[in-house]
Amino acid sequence: MENSSTMSKSAVKISLDLLSNPLCEQDQDFLNMVTALDTAMKRMDAFNQEKVNQIQKTVIEPLKKFGSVFPSLNMAVKRREQALQDYRRLQAKVEKYEEKEKTGPVLAKLHQAREELRPVREDFEAKNKQLLDEMPRFYGSRLGYFQPSFESLIRAQVVYYSEMHKIFGDLTQQLDQPGHSDEQREQENEAKLSELRALSIVADD
């Protein structure tokens, strides 16, 4: 979008620079051509700005908002992983006491370890269930979220290039010389360039 704006602004500047050329004061036909070019470039810039604004609003900003959910999503995954580590640590502690001889102190420690494990296990299962339920919904919603943005991007491009076709079509009709083919124009330009090269001030030493 930045490059697109820069391109259209540069085109407008070129036409303005041409309008300030002294030749415009000396040649009415040249002035008419440059004025037509300047009008076309300003129209192009206006439509380009509309395109940029629409894409900014309907594509870029929604994509930024979508990206903003990832820190929260990553945090939820990290909390689940931390809960899993705590659960495994306490589960290993319970299993260690279960393998020991069932003496009074061991049974007391086993009971305490199981009591510590219960809320940690419940916390992990809740976090794990939440991710298992919501992650598929999150991934499944991507197409529905992005599709309007893609459609808007396509519409913006279609409108812009349709208008560009009209603008440059009109400009061509204003500047075109009837009966001149591209090959004839090229030959005329080469002939004029040859005349310039023949001048002593530009001749090679």
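Including glycine, each Cβ sits where the backbone N, Cα and C put it.
Just so you know, TrEMBL annotations are computer predictions that nobody has curated.
Looking at the stretches 45-72, 73-100, 129-156, the one that TrEMBL records under the feature coiled coil is 73-100. With DSSP states grouped into helix (H, G, I), strand (E, B) and coil, the region 'Disordered' (172-192) comes out at 15 helix, 0 strand, 6 coil.
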